[in-house]
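Heads up, the thing below is written out as structure tokens.
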């Protein structure tokens, strides 16, 4: 989708559709009042008649609004004016995007970014609108024999800002928001691709394609022989039962001087998780193709950083394998080595994500990053604790954790911090090895974080457990693209971009 910004009078726009907001109790936004004045009170008449109540997310398409130059006017409900906030704003933009696509307008000028949102400026509104337009209209029909795309999809949208002086701040915000949305959609494509296609080798191919697409991106792929030579024993231990060979995918993005230390992202890339010998129940096992959502999020963040041309250096490390049962597979009770040098007692082969991340973190340390953030669908306990709304966030650097949480607030992609106290770490003691890979049922998300912390020695490190947020089940089944928006805003902050 092509996105632009402008400033102007909604009644004077020559376009297929102008989008304006209407609150409850027949209260109109400034743009709606301008259209109402030009149409000799036409909107007021419709609102008095009850054609639109103004509830958040309601829409009403007017094909022949008198007195204006646009072909159509789309009214979007914004709820009660005094309660209008970030959540209501995003709901209104989402409803507008869907209504425009359904109407087949092809293009539109949205005056929603002119709406005042408590605590947020015009740059935030433009970035949020751009991201929502990209993600709301996402479709994944690659493997349907008759996909039937929209007859006239929304191909161009212009975001109107209140004053011409706002355009200077609106353009970089538009760039960042659209990059976050496109990065999230790229992540969703990877997550939704079935595991018979999205193998570790496929992720390597996607990395090479990303390097071909964007200047400043370079891909490095390590296969089984290189992994053995480099000593990534924990990753190889998880891969023993799989037919598909493992990979370590490394993406380098250079947007700053070479002497600037990179930010490192490490993404769990389990392209299918059967549980291994500790096999999972069959119900919903198809959703275990999403166990590479951490890797997909890291891919999406690199995509967003490269598209926005963020002025920072970034490295992404993705340990990728399947976790399958086989006569060669790692067994419960086995003791395995790791790149870090610590030996791990594997008490449960379905706690494999932390094993590949252990090697991923150790490999990232070799690249001398300024800080490391790992992303993983790591524990079902995260769903018990936080449901499907917030990511679990942990780390050994309070400032880094704070910045991630604040980025999540800006992006409406929120996290919640959990502790990593020593008492939790004690649950990982093993009588036979340096550490056990599970700490029992209590506080499973925290003990998983404690395990990773042992392999993040010497690093400023944070961990995002996205087990509850990476995909949806049921009627709207599919990858969400989270936490790409959070990561994009975090990286933008590290690059000196602020909204």
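Yeah, the Cβs are placed from backbone N, Cα and C, and that goes for glycine too.
Feature annotation from Swiss-Prot assigns Mn(2+) 2 binding site to 268, 273, 291, 352. Under the heading Mn(2+) 1 binding site, Swiss-Prot lists 273, 350, 352. Residues or ranges marked as active site in Swiss-Prot (evidence: sequence analysis): 280, 354.
Here the features listed in Swiss-Prot are painted onto the structure.
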| residue | record | CB count, 10 Å |
| --- | --- | --- |
| 268 | Mn(2+) 2 binding site | 30 |
| 273 | Mn(2+) 2 binding site | 26 |
| 280 | active site | 14 |
| 291 | Mn(2+) 2 binding site | 27 |
| 350 | Mn(2+) 1 binding site | 18 |
| 352 | Mn(2+) 2 binding site | 28 |
| 354 | active site | 28 |
| note | Close to residue 273 (Mn(2+) 2 binding site), taking Cα pairs within 10 Å and only the recorded positions 280, 350, 354, are 280, 350
| query | Say you check the Cα of residue 354 (active site) against those of the recorded positions 268, 280, 291; which is nearest? | reply | 268
| C-alpha spacing of residue 350 (Mn(2+) 1 binding site) relative to residue 268 (Mn(2+) 2 binding site), in angstrom | 14
| CA-CA, which of the binding-site residues 291, 350, 352 lies nearest residue 280 (active site)? | 350
| query | How many Å lie between the Cα of residue 291 (Mn(2+) 2 binding site) and the Cα of residue 350 (Mn(2+) 1 binding site)? | reply | 11
| task | Going by DSSP, give the three-state secondary structure for residue 354 (active site). | result | helix
| remark: Those same-chain residues, other than 273, 350, 352, found with Cβ within 8 Å of the centroid of the Mn(2+) 1-site Cβ atoms are 238, 270, 274, 275, 276, 278, 280, 291, 323, 349, 351, 353
| Three-class DSSP secondary structure - residue 273 (Mn(2+) 2 binding site) | strand
